[in-house]
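Notes follow the structure.
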Amino acid sequence: MATVIRSKISNKLSNAATTVTNKSQAKVSGMFAKLGFQAATDEEGLGFAACDDLDYDHRQGLQMDILKTEEMGGEGGGETAGEGDSHYQRDGTGPPPSASKDGGLCSELGSPDKPKITAWEAGWNVTNAIQGMFVLGLPYAILHGGYLGLFLIIFAAVVCCYTGKILIACLYEENEDGQLVRVRDSYVDIANACCAPRFPALGGHVVNVAQIIELVMTCILYVVVSGNLMYNSFPNLPVSQRSWAIIATVALLPCAFLKNLKAVSKFSLLCTLAHFIINILVIAYCLSRARDWAWDKVKFYIDVKKFPISIGIIVFSYTSQIFLPSLEGNMQKPSEFHCMMNWTHIAACILKGLFALVAYLTWADETKEVITDNLPSSIRAVVNLFLVSKALLSYPLPFFAAVEVLEKTFFQDGGRAFFPDCYGGDGRLKSWGLSLRCALVVFTMFMAIYVPHFALLMGLTGSLTGAGLCFLLPSLFHLKLLWRKLLWHQVFFDVAIFVIGGICSISGFIHSVEGLIEAYTYNLAD
């Protein structure tokens, strides 16, 4: 009996000591994860590095949830710590992994056994981001820029490729042995590092605001283009463009019920197929009219008033920097990232330039904001229906990303959150949280109704957030974090990109706002 009692007391003391040790390790790992560092010998620490900034709040809770599982296992005697590594809950009391809000996405990303993507797969993701449906607005940019517009398509590709590379360089620092070590995981981590120690969270807030604006504006553009295309496809129907936008929004309301990215990712292949079909049909029609191409209409001068808007359109079509850190972190061979960026942007530059030029040569001065509106009525409806389907299928991804950032910032930031958590203890979305999601969908509808101008909105977004995320911030962060190690020509490039990007951003923003005011005033006059 005494032996049994001594054994139980010994087990209790051993469990208590183990718990204290684990908690101390968790605090240290959590502190390093918050600062952007990772412990190479800690499996949970590696999990922090694999998740992007949208899951930052989940990553902070990972260690303590594992400890709770270990404590329960220690008391119950039958549960091991390995079970805590396979999943986590927000508060440790939620449903099983399969029913959790994120479907175990973060744990999958953080798992050491998760297969990494190849350079070709990473390139496919970048290609999908920079060769989307907004390419259909590039011929309109050539209308107002001529040959300079073509040059800007090439220039933007070169600059965005370069800023993508220097953004990834900001993730690394040299250790004591002179080897590069990845000490940051996301765009937000880089921004916070640049603003430390005085304002350690300011940079992250700036990046998050820019990201939210770009994501919401992208959603608005999808609704605008859907209403525009349906109206031009069926002009004889007694349905206005605003009414078509409302119908499109009704079809998009189920997006408010999205729980994870797995449901969104299923639409990726359908969007890609629709995009290829649209491009093939447009190019085939343009080639059939090659004899009538108006080479004399391509100008060497620019429309000073409208060309800055074209700059925003071109820049917006190349935006991909916001997810590059996460993409590079999940590559099998991160050393191939630079090569991948080179061939994806070269391919995008060639395809965009040829598409914009061929389409403009076909319709010249009659080129419209969305090039498919120039197609003859016999095939316009078919092409536009494909384009509308792509827009509706593409809407959930930026919407879900915007919702994640908003929820993390205002509802799930622990004690620093402005509002109570919109999720219950079981991980389910509360009714008022669902209402806020529906309100965001309705907001995009109202913006599309009152500002139904695709080119102006695209130019405004590209000038405001596109130039900031692709030109200004990467060059500024590169100079701030690595300026002592940069060569003189790298410093020159960074400063030049920052200055040119700032001028283009301010000019495009002013002219886009002026164009929107004029268009809104004209609509009121009618």
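Each residue, glycine too, has its Cβ placed from N, Cα and C.
A TrEMBL annotation is a machine prediction, not a hand-curated record.
These come from TrEMBL:
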{"type": "DOMAIN", "residues": "116-512", "note": "domain 'Amino acid transporter transmembrane'"}
{"type": "REGION", "residues": "71-106", "note": "region 'Disordered'"}
{"type": "TRANSMEM", "residues": "147-168", "note": "transmembrane segment"}
{"type": "TRANSMEM", "residues": "209-231", "note": "transmembrane segment"}
{"type": "TRANSMEM", "residues": "243-261", "note": "transmembrane segment"}
{"type": "TRANSMEM", "residues": "267-287", "note": "transmembrane segment"}
{"type": "TRANSMEM", "residues": "307-324", "note": "transmembrane segment"}
{"type": "TRANSMEM", "residues": "344-363", "note": "transmembrane segment"}
{"type": "TRANSMEM", "residues": "434-451", "note": "transmembrane segment"}
{"type": "TRANSMEM", "residues": "457-479", "note": "transmembrane segment"}
{"type": "TRANSMEM", "residues": "491-510", "note": "transmembrane segment"}
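Away from its own ends, the transmembrane segment (307-324) comes close to residues 52, 125-126, 129-130, 132, 134-135, 137-138, 140-142, 144-145, 148-149, 152-153, 156-157, 160, 163-164, 167-168, 187, 207, 211, 214, 345, 348, 352, 455-456, 458-467, 469-471, 474, 504, 507-512, 515 of its chain (Cβ-Cβ under 8 Å, at least six residues beyond either end). Stretch with the most C-beta contacts under 8 angstroms to the transmembrane segment (457-479), considering only 209-231, 243-261, 344-363, 434-451, 491-510: 491-510. Only residues 6 or more beyond the boundaries of the transmembrane segment (344-363), in the same chain, are considered here, and those with a CB under 8 A from a CB of the stretch are 123, 126-127, 130-131, 135, 138-139, 141-143, 149-150, 153-154, 157-158, 160-161, 279, 282-283, 285-287, 289, 292-295, 297-298, 317-318, 371, 374.
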